[in-house]
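Annotation comment: TrEMBL describes B:24-535 as domain 'Cytochrome oxidase subunit I profile'. According to TrEMBL, the feature transmembrane segment maps to B:36-57, B:77-98, B:119-138, B:167-193, B:205-232, B:265-284, B:291-312, B:324-349, B:361-381, B:393-418, B:430-451, B:471-497.
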Amino acid sequence: MSEKQLSVEERNKRTLKKLLIWAVAMFGFAFLMVPFYNVICDITGLNGKTSSTAATEVPEQVVADRTVTVEFITQKGDGISGEFTSETKRVKVHPGEITLVHFYASNPTSKDMITQSIPSVTPGEAARYLHKTQCFCFDQQTLAAGERKDMPMIFYLDPEIPRHINQFTLSYTIFDVTERVAGKNNSVAVN
Amino acid sequence: MSTAAATHDDHHDHHHAPTGLKRWLFSTNHKDIGTLYLWFSFAMFLAGGFMAMVIRAELLEPGMQFVDPEFFNQMTTVHGLIMVFGAVMPATVGLANWMIPLMIGAPDMALPRMNNWSFWILPFAFTILIGSVLMSAFGDGNPSAPNFGWTFYAPLSTKYGPDSTDLFILSVHMMGISSIMGAINVVVTVFNMRAPGMTLMKMPLFVWTWLITAFLLIAVIPVLAGAVTMMLTDRHFGTSFFDAAGGGDPVLFQHVFWFFGHPEVYIMILPSFGIVSAIIPAFARKPLFGYASMVYATASIALLSFVVWAHHMFTVGMPLAGTLFFMYMTMLISVPTGVKVFNWVATMWRGSMSFELPMKWAIAFVVLFTCGGLSGLMLAITPVDFQYHDTYFVVAHFHYVLVTGAIFSIFAAAYYWLPKWSGVMPNKTLGELHFWNSLISANLLFFPMHFVGLAGMPRRYADYALQFADYNFWISIGGFWFGLSQLLFLAVAVLCAMKKGEKAAAKPWDGAEGLEWEVPSPAPFHTYDTPPVVK
């Protein structure tokens, strides 16, 4: 039946249905933006997140005529009362050179604690040239009561790192995720 | 005509028009629902305005005087939310309800019962939102009302949000459902209910701009609903969309929010373009210059609005290519907007102009909206945006486009169509006083904000450095003046509602065009039961 032969009520119903489907689809699109954003970030380093898996390839060469300064900063998220710091605050490295940096975290409380550290690189475009072969941020780290833990991180810079990046900052924020791991809801912070 | 038939008709009419409270509660009549929307939005305008008065009272002098900073934050937040979702959007929906069926020769909106529902959700949504403010005001700030700014960025609204954030989430969901249903109704009406001969390119521009607005609403309000749903699950159900500790990203919130937020600002301004495009030709006594280009310009603005959202967040750090893309796309919007301003001015050019109240508001709109558009162009330039970001310059910009833009045009529409709605002319003396006081006070209120913004005064703080004291004093004086001036409009509207005033002819403005002027004033309860023929 063509559109013209339908009564106005019928046509209204049809248009209504189409528009409702569109509205529901756009609601779904909002959630689709989440994986889409993550993919874009992986490709472009938009949000400064470094890869969450260990690099397995060995750099082909060391670019000895270039040095890049890498700075390390550490921040403590909610629930962390102990120490979280890096042994080195800044290193000068040649792209391709494998470097080890020690981070330390402590748990002065009397309860075991599960922590997760989240990396972030500024400027974000440097993130995808930072390859870590080992990092405490790949997994959740358990800090026993009273423990001070040495958490090594081994990285190298991609020899392809663009010439204009000669300095960047790698930040780690450590969070207490004990409750989250235990399956409890992250309760709303009480002001 | 036989007497029996006439009596039967009378009876028929009477049967379908309940009186008293029931008339409004159960109404499926587009004119009644339009009236409800308009009164509701004006009430919200006064409520949001009252919160602005609290803000300006606190900022009258440096230091803390009236409210504590925590309550100040709640005021800026809820002021913004009420003005956007409670005042401007329902006002334009009210105008659409009243005018679109009249303009296209339809007997009513296509889905009258849904129309009733979409209005009656709103009072409940805003009772919830304003309820959280009342609890805070009378509970000494405990529990706090939403306090994270109308943009409710995570993690302020997730991890650090007060308990009332859940009330906020519920009320935003309800407002969203109302807007989506209102928009669907407009699209269905315009697509299926036009009078014979009313082709798309013969529709009045107000109908066109509203049709495009409705499509924007259906596209982005669900995204807003998605954003608040993610907030809700982050707060209570253990997800981590915006929580870095669980692998999420707070910046993602800003992307999702502004993907809704930028089309949202066009949702608020496009109907205004339609209003002004109806009024200027009427009082310049010339057809609108460049009708087709107006339609295409509106559509281009709507399409571009989907690819500019990140200009609200240049400072989060983006690759150079990203900032360039969003900067150029944003600046591109000034081309279709420029086409519109050019067309309005060209319509006035060598017209036989007269300056009745609607025309005064419309001309003020053209000048002051352009002023707000120019500061928008400045903000679009990425490197300078780093300096202007989150300063009073931004506050000045969006109040020029929303107050002297959207709200001025809504007043223009009210003065233009009040004779049709009420059957009496709006009181001229009060109207003139309302216009001139609003015009001068709005500029005293918003123009100096450019200066303090450029000098570095940040927005959303309850206090400021001493160097900004003089400007802020005068901004506050402008604020109180503007706020009080709006009570004059309350008087105008009440007088019209009480039918006190000069009786209006079916077409009270001699240059006006369109089907809405073919029906008597006030417009009868039922119009165009038999569709008119459009040549």
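Every residue, even glycine, has its Cβ placed from backbone N, Cα and C.
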Mean per-residue pLDDT in the domain 'Cytochrome oxidase subunit I profile' (B:24-535) works out to 96
Please tell me whether the transmembrane segment (B:291-312) and the transmembrane segment (B:393-418) touch - that is, whether there are at least 3 C-beta pairs under 8 Å between them, with each pair 6 or more apart in sequence. no
Per the Cβ filter (under 8 Å) with a sequence gap of at least 6 from its ends, the transmembrane segment (B:119-138) is approached by 25, 33, 36-37, 40, 44, 47, 51, 71, 74, 78, 81-82, 86, 90, 144-146, 164, 167-168, 170-172, 174-175, 177-178
May I ask whether the transmembrane segment (B:36-57) has at least three C-beta pairs under 8 Å with the transmembrane segment (B:471-497), counting pairs 6 or more apart in sequence? yes
Cβ pairs under 8 Å between the transmembrane segment (B:77-98) and the transmembrane segment (B:324-349), at least three | no
One stretch in B:265-284, B:324-349, B:361-381 has more Cβ pairs under 8 Å to the transmembrane segment (B:430-451) than the rest, namely B:361-381
Stretch contact, the transmembrane segment (B:205-232) with the transmembrane segment (B:36-57), Cβ-Cβ under 8 Å, 3+ pairs:
no
Per the Cβ under 8 Å criterion, with at least 6 residues separating them from its ends, the transmembrane segment (B:324-349) contacts 273, 276-277, 280-281, 284, 286-290, 293-294, 296-298, 300-301, 304-305, 307-311, 314, 318, 363, 366, 369-370, 373, 376-377, 380-382
